[in-house]
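Q: The structure's right below; bear with me while I get my questions together.
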Amino acid sequence: QSQQMQMQMQMHMQELQAAQQRMEQEKRVMEAELQKQRVQMEAEARAKQQEIEMKAQALEAELQQQRMKMEVEVRAKQSEIEMRAQQAELAAQAQVEQLRRQQVEMQASQAAQDGPAQQRLEQEKREMEVALQKQRMEMELQQQRMQMEAEARVKQQEMEMRAKAAEQAAQAQAEQLQRQQAEIQARQAAVELQAEQAARQAHQTPEPSPQQPPSAMATSPPLPVQQPAVSPPAAPPPPAPAAPSPSAPAVPGASCSGLTSLAEQFGVSAPSGSTWLAMFSAVAEQLPHAVAITDMKTPGLPVTFANSAMVALTGYPKDEIEGRNCRFLQGKKTEAAAVRAMVSAIRRSKPQTVKVTNYRKDGSSFQNVLSLLPVVDSSGEYRFNVGVLADGARLGSEGDALEKLRAAVPRSFDAALQPQRFDASLKQVGEDAQRKQWRQSMVKFTRLLWSADWEGSMRQIVMNQDALQTFGQWLAEKAPSDAMQLELIVNTMQLGAMPPEQAGPMAMQMCQQLFGQEAGSPEEAMSGLANMAEQALRSLAAESFPKFVQSKACLPLVEQLLGGAADEVRLADGLIWPQYEVAPDVAGWVHSFASVACALPACIVISDMAMPGNPMLFVNDEFCRVTGYERHEAQGRNCRFLQGPRTEPQSVAVIQDTLRRGVDCHVKITNYRKSGENFQNLLTMRPVHDSNGVYRYCIGVQFEITPNDPKLKSRLAKLDKLIQLLPKTFDVSSRAVGVNHRVEEAQAEKEQSTEQKLMGALEGSAEVYSEEKLEDGDHYADHYKDHLAHCSKVSNLKRDEQLDQMAKKLGLSPPNPGPWLAMFTQIADRLDVAIVVTDMKTPGLPVTYVNKACTKLTGYTQDDFVGRNCRFLQGRRTEGAAVRAMTTAIRKADDLTIKVTNYRKDKTEFVLVLALHPVHDTSGEYRYQIGIQCDASRWSSEQALFEKVRKALPTHFESSAQQTKYDESLTKVDTKAQRKQWADSLKKFTRLVW
């Protein structure tokens, strides 16, 4: 028995050694294959580099090189098809040979009956040959199909090659080579790890125990050696298709304890020596559950990696999943509440599990149990979001395993394992660069400011000698007929500056030259010339002057007019979303544009295209007036919050399509104000890239369309000129801070002018030019329910009769329905009389609202006013009697008009004519105090408007139209609470008595 046991042990060791040899052999085969792939990839890289250097050659030569590269890519598939064809042909030949042998045998044994047998053999032979021919034809068709696909890819790559610069192409090839090298390293690491595990298992296999009973050793046969689970060399675990960027190279020997633990819990290999994303993708690919991962630093949040289990669950191949936002799985029955929950969880970096109806590629729906798991790096940056998907129909059998997977997914990793491709340091620039960008931007945006009032800007130009000369030279070259009109304007201005005794004769002489007849008197001649000059100025302001402003010839003039005022950067922090951090490399551009756009009469917004959700960082005053939202209510949100139940899905699809392609958008869309009232909006969106090609911002221009507008044509003409002045790019002195975005403008879009696009959008003929389509389940996902809830709250709001009458008396359109104070401020914003409103229910009586006219009168900004008692305008020479009279009037809720000395922000004093007007609600509560202000030095010219506004002010409003912040019911407590408060207070106050 001892000898037998020794023999068994020797046999066992021999089998172990044989297993180790097999493992070594497989490892060598795998290494050889990897070396072969590395050589092939290096050859491909060299071929592509040569292709870039020879790009200047003829198109036919470029296509030939592309075909050569494509032949390398499909060589493996063609070899496999040829091998299969050879195997099939050999099998067919063997079968034919066997039939021949059978024929010979049958001829020898049954020579007399060979007729029918021969026929059967011939029939079977013909059938075999037909089947072989059919198989060959199928293989040929497959080869042809592959060749056609290869040619299609060649043409597509040819178009892309033309659109890219040689440097960009070289960079792309280098990145691809590094990604492939990273994949090879990941595969090699996986193979080595598998080999080590197999060897460790082989060494740790238990030996027969010498203490085992003889009977057991005699009767139990030797156990078979269990082969380690090693993937075949031809099919290693596929790495993540979206490999880490070159700036995130593999770290030799690096590993992640969280990924190692995940792999151990599910019995799969855990690779090392690569980036965190590549290692996670390698582990996820081996899991039986659907897993997808999204890079939170990529705009649009496309899927970065999806494993094979997700392909099996959804029916979509990997190339149709990766690179797209996972909302493409949604459809018409997708629950909006679930979408909102997912959006909220992703934005807040919170784990979330929801049930949501999704759709497979074949159109069938399924209940997706989706878990969202945010992943941060060691610096606290929100880097990835891992999604675990499961079919709800199989939740009973897979529930425990899914819970185990959710708990095992690592939620953090060392930042060194996945360096960010673009970090904040790339945006750092010096103050000189910021000042240069500010000045360049101010020069361009000043022209934008001129577009707000072409006629007024034209009048300022003709008053400046240098500007007049520059404009005149441009007219002489581009529009000689209009140069005569400018000459008429200049001559008339010169006559107006002369003494009457000199101007009269010259005016009559000019009339003789222009009209061909003498004027009746010098006064008549001057009047006629003035009328003609006014008409000429309006004509120039409508046509030639906007063209001059849009031309490059205007830039030196603007720079000269700005002078030293454009040298120092003036921050527009009060206009920009407080939570938004303006990057240093764009600070000059952002602050200058916000400063100019704030006062434009068109609705202007700016969105950051590099931030998830593309929030608006700036909205101007006109946007707030049209939509009814305050600036702080709109900033930080995507502009889709203006959509609602009647918003057209096709219009939303046009917006999504153009934003993805980075081209101008012109579309008519139904939007909603804060009051719940809808309005027709002709929306223009202008993508803005920096000089490195990075997609940084998007400028939105809203144009409200009102029915039967007689001025629509002229308003559209102004909009056209405004859009032409909006920037498409701006210069930065930093390196690229994001991926280069390729603008994809359709040929039909290139052939149309802005005016044609606007008219087409107005008629509702905008088209979607990309293959991306709006998914039904994505309609208003972020705001639909919230909007309906808001509409249900404000649907009972009514117009205020007194405010409507006030607007009518002042020649203004009535305000949009809303809270009373919001409706009043809509009117006050459009008045040229200074108005201040104080809430009488707020202790200290701070200013609640102040209009622009008041800021212009005093020099203080709205932020300086709001929240402070207006006594801060008083000073050393303010009359005490006037202050006492104002205090008495405010306390007694009496009307009062008084003169008082106040002080502006620059410390200059002025006499203020102030009218105080109290406003009550229908319950008799003293709610607001309205103050109308006027500079006494301008009383003679502004008295009429001052009195007109004062008499039109409302005296009361419905209590429900403006509820108080704090109701009296909040102060109600029971007797027990009062007694407790009494006892506690008495203990403290007794000491005060002592």
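Even glycines carry a Cβ here, placed using N, Cα and C.
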Q: Look up region 'Disordered' in TrEMBL and report which of 105-130, 417-442, 729-754, 963-988 it refers to.
A: 105-130
Q: When you get a sec, could you say which of 1-29, 668-696 is annotated region 'Disordered' by TrEMBL?
A: 1-29
Q: Limited to the domain 'PAS' (616-666), I'd like the whole-number average of pLDDT.
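A: Average per-residue pLDDT within the domain 'PAS' (616-666): 88.
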Q: When DSSP states are grouped into helix, strand and coil, how many residues of the domain 'PAS' (280-325) land in each?
A: 17 helix, 10 strand, 19 coil
